[in-house]
Every structure is written in structure tokens, then in C-alpha cells.
């Protein structure tokens, strides 16, 4: 099982259409990947200004971006039988999601789902920046998950 908490930029839990989509697509991704461990994670919806600030402070990159993932290191995770293991936190810029949906000529829902799945895979240890093979594997998996969910390009 995957427990997803969706928060706004004021750390209030959300239950709107965006939050429902992200929870559903991440639950689908969890099942698609046949994960056995119970996990918990947070998804934070922010604007470009906030994600720029986070990117600058934690990644030394002075610009806004679409999604940032902060995975808990395996050694930092607490393992208790029957209790969901904390994966980490995602920050998704809704400003970027809207702009990229227009740029890539697909729906906002598809872009938001893509960013959520992309970040989720990073939390699981996938890293497209390591090599071309790692990029092909991660992006291929993202596409299969989104297509399986019914969100095509």
C-alpha cells in the first residue's frame, strides 16, 4: 500500500481534483511496479516562486523547476513491521505543470501525473541523470505507467 498526503504551500492537506489525481496515479504506479513494502510519502503543491526558493536553498540551482524530490536515505528510514516506510517528499510546481502542458501539447492532468510519477521514481532510487541507460529505463517506465493509467501524450 502507498499512503500519499497532498499538501498545499501552507502545509494544509488538500482533497481537490489535483490531489485526487496524484493519489490515484501514484497508487496505480505502486501496483504497476508490484511493490511489496508499505510506503508513505508527501506531495507538496507549490508555485514557481516557492520551488525556486527550494531549488536554490537545497540544490544550489537558482531557477524554478517542475518537480523536486527529497528521498530519505535507506539508512535514515525506520523499519517497523506493519508500519508504512517513509519514502520522502515531492514538491511540484503547479505553475510549471500548466506551462509544460501547453508547451508539450497535452493535458494538464497528464503533465501533473507525469511529474508525480517522475518524482515517485526518484524517491524509489531511479536517477535519469546517471547514464543514458538509466534515463531510458526511467522514462520508459514513466511512459508505461502513464499509458497503463490511461494518460497518453
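Backbone N, Cα and C define each Cβ position, glycine as well.
Note that the structure is predicted; figures quoted are calculated from it, not measured.
Residues or ranges marked as Zn(2+) binding site in Swiss-Prot (evidence: sequence analysis): 118, 122, 128.
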8 Å Cβ shell about 118, 122, 128 centroid, Zn(2+) site members excluded: 67, 69, 119, 121, 126, 127, 138, 142
Which same-chain residues, if any, lie at least 6 apart from residue 128 (Zn(2+) binding site) yet have Cβ under 8 Å of it: 134, 135, 138, 139
